[in-house]
Amino acid sequence: MKHFSVKACAKINLGLLITSRRDDGYHTLETIFAPIDWFDTLEFTESDAISMECTNLDLPVDDSNLCIRAAKALQAYAGVTKGVAMKLVKRVPFGAGLGGGSSDAAATLNALCRLWQIDVPSAELHKLAVKLGADVPYFLEMKGLAYAAGIGEELEDLSLVLPWHVVTVFPEVQVPTAWAYKNFHRQFERPVPELKTLVRRLCDERDLSVLGAFENDFASVVFEHYPVVREVRDALEASGSLFVSLSGSGSAVYALFEERTAAVKAAEAMSARFRVNMTPAGFRMA
Ligand SMILES: C[C@](O)(CO)[C@H](O)COP(=O)(O)OP(=O)(O)OC[C@H]1O[C@@H](n2ccc(N)nc2=O)[C@H](O)[C@@H]1O
Ligand SMILES: Nc1ncnc2c1ncn2[C@@H]1O[C@H](COP(=O)(O)OP(=O)(O)OP(=O)(O)O)[C@@H](O)[C@H]1O
């Protein structure tokens, strides 16, 4: 009986610039995805049918779950009759802007190609991923920092890692991604900085003067509507961090630290009220 488990890491967004609204209602954006060591674990066991259990009872394991949707999409595409029993050990908060569900979906696609021994061309797998969510291709195809454009599915591997410690805080409120895209303050006419060039100066040359370009366009509306998120942002800014930002459409806020001791101190202070993760400098997904 074939059985194995995989890690599904979350991500943060370093800069998130929304550049237009498409006719289909989706928005184009430019962002840098960076992985963090906050992860779910997914277990896969060969079975006749597709089934799923999850350690977080607030998360339905029906057809709305992104793991089930990924399994059914791959089964239909490949015309396989095999099933799978999945177990999701859920740790990454959702409604957090951390892409946890998207990462689970990508991990499921990769794992089932292995379990069902099917060889799907990467371009085809990419199409299945985009249908599951705009963030899913990043987790399917990348390990470190990646530049993303389009709706988030046009990816370029930057072959870079963040050279700082990352403290990520979940303020225990969920921000629906669709709400954030409906309500963010548009700046479509703004000149868009060259994030791809600037992130190389930032990570390779440690040129901190470029940090101002890495704004998150959701930040103002999320901080306005969720005071606790603003409170977390303020606390992290006062903790000796280099840089603080909202991740994705929120609610998670992350801070970058040069010194590990300062990162540990900030993480400990925030963990009294909120779920916190600390990711070491140089982290890449396995
Ligand atoms: C905010 C980010 O996390 C940045 O990484 C992503 O853009 C969100 O990606 P995601 O969570 O995979 O989003 P999806 O689950 O695909 O879409 C949720 C909803 O967000 C809106 N949405 C999403 C992505 C995008 N580029 N434009 C949008 O307008 C759409 O209304 C969509 O119905
Ligand atoms: N396996 C799953 N894990 C987490 N969320 C899931 C899963 N399956 C379906 N969902 C649904 O997808 C929604 C979005 O989950 P996800 O964690 O990807 O988004 P997020 O935390 O808002 O991050 P981002 O906005 O960056 O995508 C959740 O609110 C949840 O209702």
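Using N, Cα and C of the backbone, Cβ positions are placed for all residues, glycine too.
Neighbours of K11 (active site), defined as other CB atoms within 10 A of its CB across all chains, total 28. What TrEMBL records for K11 (among others) is active site.
In this structure, D135 (active site) belongs to neither helix nor strand by DSSP; it is coil. Just so you know, the Cβ of D135 (active site) picks up 29 other Cβ atoms within 10 Å once every protein chain is counted. What TrEMBL lists as active site is D135 (among others).
On its own chain, S103 (ATP binding site) has A8, C9, A10, K11, F39, D40, V92, D135, F139 as residues at least 6 apart in sequence with a Cβ closer than 8 Å to its own Cβ. S103 (ATP binding site) falls within a helix when secondary structure is assigned with DSSP. Annotation comment: TrEMBL describes P93, F94, G95, A96, G97, L98, G99, G100, G101, S102, S103 as ATP binding site.
What TrEMBL records for 65-139 is domain 'GHMP kinase N-terminal'. Averaged across the domain 'GHMP kinase N-terminal' (65-139), the predicted model reaches a pLDDT of 98.
Break the domain 'GHMP kinase C-terminal' (202-275) down by DSSP state and the numbers are 39 helix, 11 strand, 24 coil. Annotation comment: TrEMBL describes 202-275 as domain 'GHMP kinase C-terminal'.
Residue density at G95 (ATP binding site): 18 other Cβ atoms are found within 10 A of its Cβ, drawing on all protein chains shown. All protein chains included, P93 (ATP binding site) registers 23 other Cβ atoms within 10 Å of its own Cβ. Other Cβ atoms within 10 Å of the Cβ of G97 (ATP binding site) number 32 in total over all chains. With a cut-off of under 6 Å between the Cβ and any atom of ligand 2, the recorded positions K11, G99, G101, S103 reduce to G99, G101.
Counting other Cβ atoms within 10 Å of each Cβ, the binding-site residues G99, G101 show the lowest value at G101.
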